[in-house]
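According to Swiss-Prot, the features are:
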type: COMPBIAS; residues: 205-219; note: compositional bias 'Gly residues'
type: COMPBIAS; residues: 288-298; note: compositional bias 'Basic and acidic residues'
type: COMPBIAS; residues: 305-315; note: compositional bias 'Acidic residues'
type: MOD_RES; residues: A2; note: N-acetylalanine
type: MOD_RES; residues: S6; note: phosphoserine
type: MOD_RES; residues: S8; note: phosphoserine
type: MOD_RES; residues: R23; note: omega-N-methylarginine
type: MOD_RES; residues: T34; note: phosphothreonine
type: MOD_RES; residues: S104; note: phosphoserine
type: MOD_RES; residues: R155; note: omega-N-methylarginine
type: MOD_RES; residues: K270; note: N6-acetyllysine
type: MOD_RES; residues: R297; note: omega-N-methylarginine
type: MOD_RES; residues: S301; note: phosphoserine
type: MOD_RES; residues: S307; note: phosphoserine
type: REGION; residues: 1-39; note: region 'Disordered'
type: REGION; residues: 28-254; note: region 'DNA-binding'
type: REGION; residues: 200-220; note: region 'Disordered'
type: REGION; residues: 288-315; note: region 'Disordered'
Amino acid sequence: MADGDSGSERGGGGPGSFQPAPRGGGGPGGEQETQELASKRLDIQNKRFYLDVKQNAKGRFLKIAEVGAGGSKSRLTLSMAVAAEFRDSLGDFIEHYAQLGPSSPEQLAAGAEEGGGPRRALKSEFLVRENRKYYLDLKENQRGRFLRIRQTVNRGGGGFGGGPGPGGLQSGQTIALPAQGLIEFRDALAKLIDDYGGEDDELAGGPGGGAGGPGGGLYGELPEGTSITVDSKRFFFDVGCNKYGVFLRVSEVKPSYRNAITVPFKAWGKFGGAFCRYADEMKEIQERQRDKLYERRGGGSGGGDESEGEEVDED
């Protein structure tokens, strides 16, 4: 199904409507076509946003479309794993936006002198997954504050949503989400992820997930992703499956950068053993260092006690 054929963009449903779609095959060759599983429409200020969960032979993914007042459209494509990370990032932007005070007249005047364009970003993050990058910038202009989301695609094969063939280079796509609608948008996204983001099809790499197929359908169930926060860093653990087997993607995220490694399932035991061994060794090292510190601190006072005791015995 082409992007323009999205059920929600064809006008189905009113503002805030939720439309689950039939999940059956689409006739001959239906397994190779894109199926629409659900649609959600949001009206925020003078814009319409459509969130469509779709599925094709490569897996399940999310299409986000922005339709402006003049009918112009911009679209982003996210795998369900990236959509979950995007949902978490939206939570960070919502918290940051809530802490911002109103813009001063001087700031708005400065923006007007610069041609009314957006000032520097109030907060920025980016996500990287395979050949796609997503840049998130909370910005401000005379019309207010908004979250600009830009997607770029590097050279390589077509992604979840199709697009140019192998070796093609897609131009960047950008949507601008008014800050007042961040919570509503995040909640709608979270509902779609909860309903469609953790099933076999998305993890198995294709509809139906047949046993032993190239999409890795032997694994009908995989562990859920999780994350931990340490100081200013967040670590995401996402289990996935492709034609090569099951893997764990570990992503390290800071405000200024993001890095990730992929660990195949057959190496998990070795990685886990190495982590446990280093944790035990560091615990022993820390205990030895504490013992030495206590000895140095208590050595002088202990010696003084013994001398005082000897003097008492002599008396």
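Just so it is clear, glycine is given a Cβ too, placed from its N, Cα and C backbone atoms.
The local packing around K270 (N6-acetyllysine), expressed as other Cβ atoms within 10 Å of its Cβ over all shown chains, amounts to 10. Computed over the region 'DNA-binding' (28-254), the whole-number mean pLDDT of the model equals 77. Summarising the environment of R297 (omega-N-methylarginine), the number of other Cβ atoms within 10 Å of its Cβ, over all protein chains shown, is 10. On the backbone, the CA of T34 (phosphothreonine) and the CA of R297 (omega-N-methylarginine) stand 71 Å apart. Cα-Cα distance from R297 (omega-N-methylarginine) to the residue listed as 'N6-acetyllysine': 40 Å (rounded to the nearest whole number). Sorting each residue of the compositional bias 'Basic and acidic residues' (288-298) by its DSSP state yields 11 helix, 0 strand, 0 coil.
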